[in-house]
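Structure first, commentary second.
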Amino acid sequence: MAVGEPLVHIRVTLLLLWFGMFLSISGHSQARPSQYFTSPEVVIPLKVISRGRGAKAPGWLSYSLRFGGQRYIVHMRVNKLLFAAHLPVFTYTEQHALLQDQPFIQDDCYYHGYVEGVPESLVALSTCSGGFLGMLQINDLVYEIKPISVSATFEHLVYKIDSDDTQFPPMRCGLTEEKIAHQMELQLSYNFTLKQSSFVGWWTHQRFVELVVVVDNIRYLFSQSNATTVQHEVFNVVNIVDSFYHPLEVDVILTGIDIWTASNPLPTSGDLDNVLEDFSIWKNYNLNNRLQHDVAHLFIKDTQGMKLGVAYVKGICQNPFNTGVDVFEDNRLVVFAITLGHELGHNLGMQHDTQWCVCELQWCIMHAYRKVTTKFSNCSYAQYWDSTISSGLCIQPPPYPGNIFRLKYCGNLVVEEGEECDCGTIRQCAKDPCCLLNCTLHPGAACAFGICCKDCKFLPSGTLCRQQVGECDLPEWCNGTSHQCPDDVYVQDGISCNVNAFCYEKTCNNHDIQCKEIFGQDARSASQSCYQEINTQGNRFGHCGIVGTTYVKCWTPDIMCGRVQCENVGVIPNLIEHSTVQQFHLNDTTCWGTDYHLGMAIPDIGEVKDGTVCGPEKICIRKKCASMVHLSQACQPKTCNMRGICNNKQHCHCNHEWAPPYCKDKGYGGSADSGPPPKNNMEGLNVMGKLRYLSLLCLLPLVAFLLFCLHVLFKKRTKSKEDEEG
């Protein structure tokens, strides 16, 4: 691949731009570390089964490990946001042709957790290979654990990573604090317009950094030219780095991997500043059009330079400066993860720590010298927060699977314009009986995917494809000519349901139902005085919404539409993290509720749901008690001749034995939107419905037999009585 001439030309242009006005480059100096710092200990993790009141919530695993002269109990649960859906992996042929695959990735074997009884401890492990691989941080000590592959007794090796100068020489960033400060002054003038960005939504702390990792050819060769090995190394490193960022409410999500399996398209040895510059140019022309990302990092196995990594400070989302280069010299995952965490911190606006910067440990991740640590300092928090607010919201929403790919082509498992299907790679298509490699249907196949497609054929008309969920929902059936299930339709807003409730957007809500969902079946909605007292306070326990950073007090007419208040609570539920239960005594009443504070990225279980009754002929709509008059009256029971119910598209969904559109003529039910229901009502029943139906059929003979026995017994008693009288 010829890259020399265009790189030189573009490099000169970019140097003039970068030197005067853009982002500073930071670097970590490098030494020649030994393979591991201490002799390992052999440990055998033992699973701990928790019982009784001390049992962990579902989804947690607990193991006991003994090392360093002590026994530790590790609690961990699956890290669910590590990968983007359908993670693409790019490789190259010997002729430098691009190949793309979406390999099966076991996404339920990467864990985050903590050590029992050790505040601020941190655990990041994977169990994908059958044993534990990853990091344990206990107080000021950091350990790396690896399984012994040939062990028949689940043995592992635990290495303590020391910070002694004799084993971990002091390594200095290649950029001085003075130079960073000077370049930041230049950057402030360049980024002036960014300071005017909208602050809407800034209080939601949760951020999602979409990371693409590129692995150079030398590192690939070091991994025995095994792309799968490279992938697993990347997964484990990113899982560890993600654990560093969780206290900042940041999820680092891997959205793609690019492995230079043929050769390096640019020099990766020598001065890392040049490597970073060249990589930024390469990314701009080769990666941006393929993968969505906030930042891209190049992993290299450099053994000549004197730096561990470089990155553009505040480069996040600022193409082409949203890049970093990290030296992955050996197999020490934890040590390299600290380097990646540091360089990614620079991308997010963090500078090197000064003497006034502190964290829970002796050293912090953004220290100018490389230190064994897992915590960010107070300075890093402040710099990240300032940088995130001022640079917009590019890292706020999680990646949507459909947006990961930017290059439309046959073979990416996404059915695009002009394609009948897309079975993916050659290997995947070989196993697909319905779709061909050229994204057309196999001869004789009617479909290749969809709820209403089975064995390459459309499911028969009247096959249930979407079951009714609750009394405010409606079922849908396949039409026999399409692979898709009809759009989801539900009962029209404003139709009564349950007791003193109305359907609204597919659900039946009232205050009592919500209290039972939170506090159990005995709970019920509190008196109106609780709503009046609490929801007019304008705090996290009682409010009618959030504007900017301020909780809005409820006006008296809207108090029933703020936060739900309950009574008759006997049990405090296990709520999601960051949730708080409030008990408030008001005269002879105890009011119970939950909080919702700024920065929470989980659903608010305590806000009164839209559609909840708040007065006669009134329901809550967006924290306001609104009249139901505004709800559509285009369809009413009379429209359906009292033989059906109106759906959200203002069409009649007819009862069985009546036909749409107005339930006037004989038919089989359904609506113009639901697809045709089965002619035999039994065909439309779900599995549970069929079981209940069959159970009833089985009971009928038994009931008949019992009635017969009672009849015989009655006749005998009557005859016996007549004999006695005679």
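Cβ atoms here come from the backbone N, Cα and C positions, even for glycine.
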Motif 'Cysteine switch' per Swiss-Prot - which of 35-42, 171-178, 315-322, 467-474: 171-178
Cross-link partner of CYS357 (disulfide, per Swiss-Prot) out of CYS379, CYS394: CYS379
Residue among CYS625, CYS640, CYS646 that, according to Swiss-Prot, closes a disulfide with CYS635: CYS646
Three-state secondary structure, which DSSP defines for CYS379 (disulfide bond): helix
Same-chain residues at least 6 beyond the ends of the domain 'EGF-like' (635-663) whose Cβ lies under 8 Å from its Cβ atoms: 474, 489-493, 495, 506, 669-674, 677, 681
Using Cα positions only, nearest of the recorded positions to CYS663 (disulfide bond) (ASN226, CYS359, CYS364, CYS465): CYS465
Chain-internal residues, separated by at least six, CB under 8 A from CYS635 (disulfide bond): GLN492, CYS646, ASN647, GLN650, HIS651, CYS652
Cβ neighbour count (within 10 Å, all chains shown) around CYS663 (disulfide bond): 24
Candidate with sparsest Cβ neighbourhood (10 Å radius) among CYS317, CYS359, CYS646, the listed disulfide-bonded residues: CYS317
